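Have a look at the structure below before the remarks.
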């Protein structure tokens, strides 16, 4: 009986997810990836809260964690060297610094890791 109840709950949750999905609420899944820097543990954090994607502007949701260095700041960083990056939070397409810094890295995934 418990197994049947679990199956019923899982089925109901799946049905609710299908009913609630809406591309306008959750953003275009086919959009462009935001550029990221990583912290010491490899956690990726976006470096800009707004970007151009094939002629349209994409904006990260308010409250998203970000490093306020911008795409150009990331491009100027030397790969795999530590930098102190200002940690912030996205607000209306801008990364607002929170007066805290975190060590961050630009990774070059094309490099071979020995």
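Each Cβ is built from the backbone N, Cα and C atoms, and glycine gets one as well.
Keep in mind it's a predicted model, so treat the numbers as computed, not measured.
Annotated features, as they stand in Swiss-Prot:
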DISULFID  32-53  disulfide bond
DISULFID  49-90  disulfide bond
DISULFID  66-95  disulfide bond
DISULFID  85-104  disulfide bond
CARBOHYD  39  N-linked glycosylation site
CARBOHYD  54  N-linked glycosylation site
CARBOHYD  62  N-linked glycosylation site
SIGNAL    1-20  signal peptide
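Overlay of Swiss-Prot feature records on the structure.
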| residue | record | DSSP class |
| --- | --- | --- |
| 32 | disulfide bond | coil |
| 39 | N-linked glycosylation site | coil |
| 53 | disulfide bond | strand |
| 62 | N-linked glycosylation site | coil |
| 85 | disulfide bond | strand |
| 90 | disulfide bond | strand |
| 95 | disulfide bond | strand |
| 104 | disulfide bond | strand |
- [ ] Could you check which of these disulfide-bonded residues, 32, 49, 90, sit within 10 Å of residue 62 (N-linked glycosylation site), going Cα to Cα?
- [x] 49, 90
- [ ] Express the distance between the Cα positions of residue 66 (disulfide bond) and residue 104 (disulfide bond) as a whole number of Å.
- [x] 11
Task: Among 39, 54, 62, the one of these glycosylation sites whose Cβ has the fewest neighbouring Cβ atoms within 10 Å - done: 54
Open item on the list: I need the nearest neighbour of residue 54 (N-linked glycosylation site) among the recorded positions 39, 85, 95, 104, using C-alpha distances.
Closed with: 95
Task: Minimum Cα separation from residue 39 (N-linked glycosylation site), reported as the residue among disulfide-bonded residues 53, 85, 104 that achieves it - done: 104
TODO: Determine, to the nearest whole angstrom, how far the Cα atom of residue 85 (disulfide bond) is from the Cα atom of residue 53 (disulfide bond).
DONE: 25
Open item on the list: Measuring Cα to Cα, how far is residue 104 (disulfide bond) from residue 32 (disulfide bond) in Å?
Closed with: 22
- [ ] Could you measure between residue 32 (disulfide bond) and residue 95 (disulfide bond) for me? Cα positions, answer in whole angstrom.
- [x] 18
Open item on the list: If you count other C-beta atoms within 10 angstroms, which of the disulfide-bonded residues 32, 49, 66 is the most crowded?
Closed with: 66
- [ ] Name, in the order they occur in the sequence, the residues of the same chain whose CB lies under 8 A from the CB of residue 53 (disulfide bond) and which sit 6 or more residues away.
- [x] 31, 32
